[in-house]
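These notes are about the structure you will find just below.
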Amino acid sequence: MSSFSESALEKKLSELSNSQQSVQTLSLWLIHHRKHAGPIVSVWHRELRKAKSNRKLTFLYLANDVIQNSKRKGPEFTREFESVLVDAFSHVAREADEGCKKPLERLLNIWQERSVYGGEFIQQLKLSMEDSKSPPPKATEEKKSLKRTFQQIQEEEDDDYPGSYSPQDPSAGPLLTEELIKALQDLENAASGDATVRQKIASLPQEVQDVSLLEKITDKEAAERLSKTVDEACLLLAEYNGRLAAELEDRRQLARMLVEYTQNQKDVLSEKEKKLEEYKQKLARVTQVRKELKSHIQSLPDLSLLPNVTGGLAPLPSAGDLFSTD
């Protein structure tokens with residue numbers, strides 16, 4: 001498991017998607033590094049405010065997963081998140097899509113039912129959402145038409161593959177080629193080819209995979225050892241599944257790129273075929289001129305065969321000779 005650093009967390013948050021797998025994988029990583037709860041929540045809060053509107057709700061889903069699943073290990077995250085949640089809920093309710101209101105209310109109801117936080121604090125969070133509904137600046141209203149939910153974005157991406165290809169400028173070919181090569185090179189180190197991790201997973205003890213073997217545990221010390229092993233196995237598998245999910249998306253993107261690249265090459269091929277035909281015609285015309293020129297040259301008289309018109313003849317008289325009286 002990779003060590004904690006703020007830059008590593010920022011990178012993981014930038015890659016966070018709305019899928020349950022992505023949220024749970026990052027949640028497990030954060031819980032594993034719970035001794036850094038303070039910096040983690042600080043970075044989470046900062047990145048939440050910087051995130052695009054259609055990703056903000058996912059940040060709260062992540063916080064929910066971390067808060068609820070870390071309670072049995074300690075109160076660190078529950079306490080640290082409490083200090084920023086009022087601002088976070090207010091910010092998300094104000095900046096995110098209108099459709100976020102119900103998920104936020106549902107999340108607060110769950111926290112109230114499970115006593116994640118006290119009733120007074122839950123009420124404070126609800127009030128922060130209501131306060132955020134005060135008339136925003138005009139710029140916010142103008143942005144609403146541009147906001148899309150994660151599902152809409154996914155549907156639009158799916159619509160783009162493969163039927164709705166839009167023709168590309170053939171001159172974009174070199175750029176597409178570079179992008180395609182990079183995508184293929186990136187997949188050389190894909191999760192599915194990570195033999196080291198696969199070997200670790202294959203080497204996991206049977207106890208972490210078979211519930212029936214739990215009956216053999218008779219003392220607390222053995223149970224705690226197994227609990228630690230299970231946590232590590234869960235973290236290993238969750239992270240690997242997350243990498244596999246990311247690889248799957250990369251391969252989908254590569255498939256879309258291949259469709260685009262193939263169409264681009266077809267466009268280039270069509271253009272080059274026209275150019276080839278054009279230059280074939282030019283070659284034919286130049287060849288015809290060459291042939292006619294050669295024939296014309298052969299029809300001209302050979303001046304070297306003419307007699308020497310100056311040899312053996314007397315020189316012409318000079319002007320003085322013409323007017324001489326002799």
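Glycine too: its Cβ is placed from the backbone N, Cα and C atoms.
Just so it is clear, the model here is predicted, and its values are computed rather than measured.
Here is what Swiss-Prot says about this protein:
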| type | residues | note |
| --- | --- | --- |
| MOD_RES | S2 | N-acetylserine |
| DOMAIN | 2-133 | domain 'CID' |
| REGION | 127-149 | region 'Disordered' |
| COMPBIAS | 128-144 | compositional bias 'Basic and acidic residues' |
| MOD_RES | S132 | phosphoserine |
| MOD_RES | S134 | phosphoserine |
| MOD_RES | Y161 | phosphotyrosine |
| MOD_RES | S166 | phosphoserine |
| MOD_RES | S299 | phosphoserine |
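Assigned with DSSP, the residues of the domain 'CID' (2-133) fall into helix, strand and coil as follows: 104 helix, 0 strand, 28 coil. Within 10 Å of the Cβ of S299 (phosphoserine) there are 7 other Cβ atoms, across all protein chains.
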